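Enquirer: Feature table excerpt (Swiss-Prot):
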TRANSMEM  4-24  transmembrane segment
TRANSMEM  29-49  transmembrane segment
TRANSMEM  55-75  transmembrane segment
TRANSMEM  87-107  transmembrane segment
TRANSMEM  115-135  transmembrane segment
TRANSMEM  152-172  transmembrane segment
TRANSMEM  207-227  transmembrane segment
TRANSMEM  230-250  transmembrane segment
TRANSMEM  268-288  transmembrane segment
TRANSMEM  291-311  transmembrane segment
TRANSMEM  326-346  transmembrane segment
TRANSMEM  356-376  transmembrane segment
DOMAIN    400-519  domain 'RCK N-terminal'
Amino acid sequence: MAGSDLLLAGVLFLFAAVIAVPLASRLGIGAVLGYLLAGIAIGPWGLGFISDVDEILHFSELGVVFLMFIIGLELNPAKLWRLRSSIFGVGAAQVMLSAAILGGLLMTTGFSWQAAVVGGIGLAMSSTAMALQLMREKGMSRSESGQLGFSVLLFQDLAVIPALALVPLLAGSADEHVNWLTVGMKVLAFAGMLIGGRYLLRPVFRFIASSGVREVFTAATLLLVLGSALFMEALGLSMALGTFIAGVLLAESEYRHELEIAIDPFKGLLLGLFFISVGMALNLGVLYTHLLWVAVSVAVLVAVKMLVLYLLARLYGLRSSERMQFAGVLSQGGEFAFVLFSLPASQRLFQHDQMALLLVAVTLSMMTTPLLMKGIDKLLSRRLNPADDTDEAPWVEDDKPQVIIVGFGRFGQVIGRLLMANKMRITVLERDISAVNLMRNYGYKVYFGDATQLELLRSAGAEEAQSIVITCNEPEDTMRLVEMCQQHFPHLHILARARGRVEAHELLQAGVTQFSRETFSSALELGRKALITLGMHPHQAQRAQLHFRRLDMRMLRELMPVHTDTVQVSRVREARRELEEIFQREMQKESRQLDGWDEFE
């Protein structure tokens, strides 16, 4: 595709998305279906603006690649190990059962047994991009059904490898026999990627982050994702699987959240392009000439996969209110069918329009999924009483933070140690890479990044956290964070560090009441000790400290409207006289009472 044609195609994609997606969302059918309809409109069977569908479809697979990298970042090896039974149990059972049933049905419609095997495997796979997008839209990502769905999708990605190797064997081509030496070299190269990634990625990103240039960090992230995808494609393996592994290798690193926000904009655009390309690939000519066959095929495909998934969910022990959602979200055919059916060896297996019919059925099944999920939601809302599942608590991820601490200097470290000592889950954001490396050596969950970026806060768990503690060195950063949290995360309890009275006044004006002036409490404590050394009783010194704290806080609030005005000078003098009078009354009161307690430090 020439440069000018590529630019024109890009403009058409953006225009179609800007028009179709908001309309689809307003109609309540979801963004994914909007992208698919936009693709049909501008594709060769619609208005005909774009005809080179195959090249665009291949390029748009990068959206799935970026999505799998972000999913990998959200899963560490320990969590993957916990999911092993659902990945290799439910996932394997779904692929084998669905492929066997669908392959058998294809044989009854005139497919050879070899073509039926390939067709059954291709149809058994679900759309990773579609399913994960719908899971996020429906809030399933952190539920047990969402985790089980992800396990099934992950096994399907793993199953791509043997499926691609099986097709040449079924085609029976002599020049496509299995070269076991080549297979062995690919396995070694794959192992080398795992080992190299495990020990090299973090030092490389540490070196890049130390430059302090954000654009270079973004470029390095793109290089990692695209390089992993290209490497896996060269091995004949799934590009998405390669980037998923790269994400998992960095899931426990201090750069996890910064990597996620660097990739997220590209992921969203490329995923949209992928769905548009799938819509463009819909062959309406085949649909018109074989309308009944296609309609029955789509219905059977969705019904068989839903039945298999529902039964497996029941055997797995998924609670009743989530089984239908789990089965529905994975009921469609997937993007892997386009890859598998388009192989030269596969094309020799299919006769006449068989491959085109299967691809049309897959595309339409993807288009029906958003509507199916909408219907399932309505059905569940009518038939299920929330009380029906009270005996089964929903699965909730246990490593999401309760508190986010921004800045981990001496001030933030004291807060973090106190919270961790009381078993609170914290996530720390710090933009000084040397401090990040030091604190992670001591076992703190510290991540590199600039917390004044909205997406970094969201990635760090601000939507699930209960509180945020802001301990930035710069007052401007503190106020920017306060404004951002109030606008985008209003549920968060905001606690902030103020360097002095001016910053305290600004926080009060912004509506933040939970703050601490960094030297105030320590100065008061030292002042209390000074009173004791001058002969004052510890109990009396303690009360003096409390009176001073209360009066100072009251003054702070009263002077907030005029904290930049000379009016506050006279008010400060009045407050000092008031404080002296309070202390005089306290002295007289204490002289008539017995000692309360002695200093014990």
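Cβ atoms are placed via backbone N, Cα and C, with glycine included.
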Enquirer: With Cβ-Cβ distances below 8 Å as the criterion, list the same-chain residues six or more beyond the ends of the transmembrane segment (268-288) that contact it, or say none.
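Expert: That would be 13, 16-17, 21, 32, 35-46, 50, 53, 56-57, 59-67, 129-130, 133, 294, 335, 338, 353, 356-357, 359-360, 363-364, 366-367.
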Enquirer: Per DSSP, what is the helix/strand/coil residue tally across the domain 'RCK N-terminal' (400-519)?
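Expert: For that range the per-state counts are 50 helix, 26 strand, 44 coil.
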Enquirer: Looking at the domain 'RCK N-terminal' (400-519) alone, can you tell me the average pLDDT?
Expert: 84
Enquirer: Using a Cβ distance cut-off of under 8 Å, indicate which of 4-24, 115-135, 207-227, 230-250 has the most pairs with the transmembrane segment (87-107).
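Expert: That would be 115-135.
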Enquirer: Looking at the stretches 115-135, 152-172, 207-227, 356-376, which one shares the most CB pairs under 8 Å with the transmembrane segment (29-49)?
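Expert: When the Cβ pairs under 8 Å are tallied, 356-376 comes out ahead.
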Enquirer: Which residues of the chain, 6 or more past the ends of the transmembrane segment (207-227), have a CB below 8 A from one of its CBs?
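Expert: Cβ under 8 Å, 6 or more out: 62, 65-66, 69, 201, 243, 246, 255, 258-259, 262-263, 266, 433-434, 448, 450.
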Enquirer: Between the transmembrane segment (356-376) and the stretches 4-24, 115-135, 152-172, work out which stretch tops the count of Cβ pairs under 8 Å.
Expert: 115-135
